[in-house]
């Protein structure tokens, strides 16, 4: 629909807002279900590597897609690029129709939306490490959204030479996420949440770098490190969910995770401008960096975040009288 509006002429603001809201609603339904399906599709020792490969493919396609999209806009125009993007979504939906979902536990009979939400909330609220990290990322994602969407382009315009340096910095961030996912295909940290949470501290660096502001090369280095660290957290987080949450509850937990993690993003982007007017841009950016550090330090006070360990499976010989090997889980 957006492509049709662009090809037909200049779309109106209310039309773009409506389509964005519809797209966000679709994403809200799709993301938790897709993540739950992925978490239910892998087992045991291969989980961490599978999640790393998945995130590497996702981040790599986003990085390559951004570069390809920019080149296509220059050649064929934005309307046809949006049409091609819509076609890609249609192809992706068709491919998902061929997925084998027989391994996913069926929904319990008699359950409705309210009962599902209530049951998911019990699972979510009963794990301090889970809701603690979701609250942490509600703040961290809000800071990242304000920096990327509001402050970053303004700093680039005023101090770094325009949009091109900021685009380069974002490309380095994307490259960092690919490198981080590649790293996690080989590295299996034992203390999953502790390691992942430590890697959230660098998410404060881009805001601090923009507050100074540092030269373009330093900003690119900061964004690269931030991307790597974010993927270390992402894979560790998915592995912890896969290990600790019952399979039939994964999609419900993922729904609360997604909702909490992005709940403050619209508010943060709306308040970024007024915060700059009241505090000044450097002060607002330093405040963003401090918020990430404080929220991350607070999460480390939760014992389960520090102590939850990766469990490994050992397969032994079949007991006498049985034709099935015995599987023993160890922390």
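From the backbone N, Cα and C atoms, a Cβ is placed for every residue, glycine too.
What TrEMBL says about a protein is an automatic prediction, not a curated fact.
Note that the coordinates shown come from a computational prediction; the quantities given were computed from them, not determined experimentally.
For 12-31 (among others), the entry in TrEMBL reads transmembrane segment.
The transmembrane segment annotation in TrEMBL covers 52-74 (among others).
The transmembrane segment annotation in TrEMBL covers 129-151 (among others).
Annotation source TrEMBL lists transmembrane segment at 163-183 (among others).
Per TrEMBL, transmembrane segment is recorded for 190-210 (among others).
Taken from TrEMBL, the feature transmembrane segment covers 216-241 (among others). With a threshold of 8 Å between CB atoms, the same-chain residues lying at least 6 positions outside the transmembrane segment (216-241) that come near it are 35, 38-39, 47-48, 51-52, 55-56, 59, 129, 133, 160-161, 165, 168-170, 172-181, 183-184, 187, 189, 192-193, 195-197, 199-203, 205-206, 209-210, 250, 253-254, 257, 308, 310.
Annotation source TrEMBL lists transmembrane segment at 253-272 (among others).
Residues 128-129, 132-133, 135-136, 139-140, 143, 146-147, 151, 194, 197-198, 200-201, 203-205, 207-208, 210-211, 272, 275-276 of the same chain lie 6+ residues outside the transmembrane segment (284-303) yet bring a C-beta within less than 8 angstroms of a C-beta in it. Sequence annotations record features per position, and here TrEMBL assigns transmembrane segment to 284-303 (among others).
Below 8 angstroms of C-beta separation, residues 38, 80-81, 84-85, 170-171, 174-175, 177-178, 181-185, 231, 234-235, 238 of the same chain, each at least six residues beyond the ends of the transmembrane segment (52-74), sit close to that stretch. Between the transmembrane segment (190-210) and the listed ranges 12-31, 129-151, 163-183, the one holding the most Cβ pairs under 8 Å is 129-151.
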